[in-house]
Structures are given as C-alpha cells and as structure tokens.
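According to TrEMBL, the feature transmembrane segment maps to 5-28, 40-57, 69-90, 102-120, 132-151, 180-200, 212-238, 244-263, 275-294, 300-319. Positions annotated as domain 'EamA' by TrEMBL: 9-148, 182-318. Positions annotated as region 'Disordered' by TrEMBL: 349-369.
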Amino acid sequence: MGNELLVFVVMVIVQLAFAGMIIISKLVMDGGMNAFVQSAYRPIFATVSIAPFAFFLERKTRPKLTRSILFHIFLCSIFGITANQSIYFIGLKNSTPTIVSAIDNLIPAFTFIIAVPLGVEKLGLRSIAGQAKFWGTIICVGGAMLLSLYHGKVVIGQLGFHWKYAENTGEDVNSAHSNFLLGPFLLIVSSLTYAIWLIIQGRVSERYAAPYTCITLMCLMASVESVIIGICVVPKLSEWALNPIRAISVVYNGAVATSFTYFLSSWCIEKKGPLYVSMFNPLLLVISAFLSWTLLREKLYLGVVVGSIIVVAGLYGFLLGKKMETSAEDTELNKEKFQSTKVDLELQLPNSNGYPLESKQISSEAKAS
C-alpha cells in the first residue's frame, strides 16, 4: 500500500513539473524570448544534468555502441527533441497552456496510427480491445479538431489575481487566440513527431539497454542541432541573452522537466508499467488549465473545454483497449506455459508399472528389437 501511494505521489510530481515547464515557457516567450532560443537551451541543460546518471549508473553495464544504434539515436534526437521542441514551443507561443496540455493527449493515438502499418501494433477490429483502441483514437483526433477549430463563448473568465511577472510581459495570454489555427496545428504536428520518436526509441531500447546513456547522447546531438538552427533563425546574440526569469526557465526545462522527470517516470514505469504512467496525462491538463487561469489570466472557452473532455475520454478509451489487449496476451502466454508444464509432468510421472511414460516407450522399443 505504501509503495503504491509513493508511485502515485511521484506521478503527480511529474505532472506538476511538466505543467511548470509549460507555464514558465509561455511566460518568457510572451515576454519576448524567441521559441528557437528556448528550444536550443533546453537540451543543453538536459545533457549536463542527465550525464552524471549515465556515467555512474551505467558505466559497468553499458553495452557496445554500434553505428546502427548511433544512427537510430541520431534520428531520435531529430524527431524527439530538435523538431519536436522547436514546433512545440512555437505552438505554445501561438496558443495557451490549456490547449497544449489537451493536445499532448493525442500522442498515444498518433503512436498507434503509425505503429499499425509498421507492424508494431495490431488493429484487431474483431476484438473488443481493438475496437476500443480504434474508436478511442478517432475520438481523440475529433476532440483535438474541435478545440482547434471552435472556441465559442467564454466559460470561465479571467481571474482577478494578477501575477507581477505575467503583467510585465506586456502580452495577454488570450491574445494568442488570434492565431488559434496556427498554434493547435503546430502542436498536433509536434505530437506527431513525438509519436515517431516513440516508435524509433522503442527499437533502440530493445537493442541498447542503457537508457540514461541513450538519452544523454540524444540530448547532446539535439543541442548541436538546435543551436545551429537557432543561430540561423536568430543570428542576433542579444536575443540569446538570459535575464533571471529566462535563465530560470531554460535551467528548469532542461534539469527538471527533462532529466528529473525522465528519471522519475522511468522508476514509475519499472514499478507499475507504462499504462499506469500514461493514465496520469490528463492530470497535466487540469493542472495547466488551473495555473494558466490563475497566473497567466487565461480565459477558458467552450470549444477548448468540450474538446479537452473529448480528447481525455478518447485517451481513456484507447488505454482501456490497450489494457484489455495486454491482459489477453498475458492470459494466452500463461495458458501456453501451463500446457507446456503439464506435458512435461505427464512425461515424468510413472505409469502403473512404475516406469515413467517415456521410459516405458523406450523399454518396449528395446524389447521389440
């Protein structure tokens, strides 16, 4: 009981850390920080903070790094960090934290869509589990389309509380609704690139059992890639200057929202499995919406609220189907093991003459010869 409570608390902390990243990133970008600069700094601090874990925890167990694995890690750095984070932060700048958190729930659905033609996942529409995954995916995408294309009237207005850092940005978070098509569209593309990363990373994990070394190399490669892209897009060095709030943002995003959460999530996956961890994703939506409403004075629109609810409902439908599929596979595997054990026991048990069944067969063949 105590261990389950600890895992639950850790997962809540992980979602709080992610929500903090969304809020502080939105704050500094509304204050003038370029999205490409933000996405370039994050992998740098992530590399510095996660490298000690790779060195001390895996220096004795680290397998050989082949060219093929290195190439796959390079692909992971492009899809999982460089492209994903650049598009993500631009989408966040042109959107709101609530929309960002809602669209993040599309990742399992997109992963399923990509994995089916690659043979990693089975569609299985004849089974209840397959139908749950299929319709859960459709509902998720439908909810994302709704919150992207329709806002409607204001459901919850601005809070009277004013945070001085939000006031100093000079930009209202709700002004991002003038780009309500661009922001959600980029966030959907960001979720798609992340889903591609999950597929590639799954194959890397099977061949290279050193997760911290893998993520360190991935962040290191992404640091180089993101800095090159950032300098090309933002050549002025003054744009790269870090005032106190910007410095807090990039250090937090790299050290806490990347390294720390990766470590905690890995521990929770080891204890309870990936499905349990995925079920906490909607909590990020609730936390982000509350913090954005209280700290950034975000207005909650009808389309965003209804679309978010639909996305979360689709996510849980998908996860339910995945759980049913996993349970069915485990049951079938246990059944096969039971049948195999039963056959072995039958071969070893003595018959009425005191011989094991296989020994009797060998003895009869010897007498006949």
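In case you wondered, yes, glycine gets a Cβ from its N, Cα and C as well.
TrEMBL: automatically predicted annotations, no manual curation.
Sequence-distant residue pairs (6 or more apart) of the transmembrane segment (275-294) and the transmembrane segment (102-120) include at least 3 whose Cβ atoms are under 8 Å, placing the two stretches in contact. In this chain, the transmembrane segment (300-319) touches the transmembrane segment (132-151); three or more CB pairs sit within less than 8 A of each other, excluding pairs fewer than 6 residues apart. Within its own chain, the transmembrane segment (69-90) has Cβ neighbours under 8 Å at 25, 29, 35-36, 38-39, 42-43, 100, 186-187, 189-190, 193-194, 196-197, 200-201, 203-204, 207-208, 214, 217-219, 221-222, 225-226, 229, counting only residues six or more beyond its boundaries. Here the transmembrane segment (300-319) has Cβ contacts under 8 Å with residues 96, 98-99, 101-103, 105-106, 108-109, 112, 132-133, 135-156, 177, 275, 278-279, 281-282, 285, 289, 293 of the same chain, all six or more residues outside its ends. Each residue of the domain 'EamA' (9-148) gets a DSSP state, and the totals for helix, strand and coil are 116 helix, 0 strand, 24 coil. As a summary of secondary structure, the domain 'EamA' (182-318) carries 119 helix, 2 strand, 16 coil according to DSSP. Sequence-distant contacts of the transmembrane segment (180-200) (same chain, at least 6 residues past either end, Cβ-Cβ under 8 Å): 72, 75-76, 79-80, 83-84, 87-88, 90-96, 99-100, 103-104, 106-107, 110-111, 113-115, 118, 120, 144, 147-149, 151. Residues 133, 136-137, 140-141, 143-144, 147, 184, 187-188, 190-192, 194-196, 198-199, 202, 278, 281-282, 284-285, 304, 307-308, 311-312, 314-315, 318-319, 322 of the same chain sit 6 or more residues outside the transmembrane segment (102-120) yet have a Cβ under 8 Å from a Cβ within it. Listed as Cβ neighbours of the transmembrane segment (212-238) (distance under 8 Å, sequence separation of 6 or more from its ends, same chain) are residues 34, 36-37, 39-40, 42-44, 46-47, 50-51, 53-54, 57-58, 62, 70, 73-74, 76-78, 80-82, 85-86, 201, 204-205, 258, 262. Beyond the transmembrane segment (244-263), the same-chain residues lying 6 or more positions past its ends with a Cβ under 8 Å from any Cβ of the stretch are 14, 17-18, 20-21, 24-25, 27-28, 31, 33, 38, 41-50, 53, 165, 215, 219.
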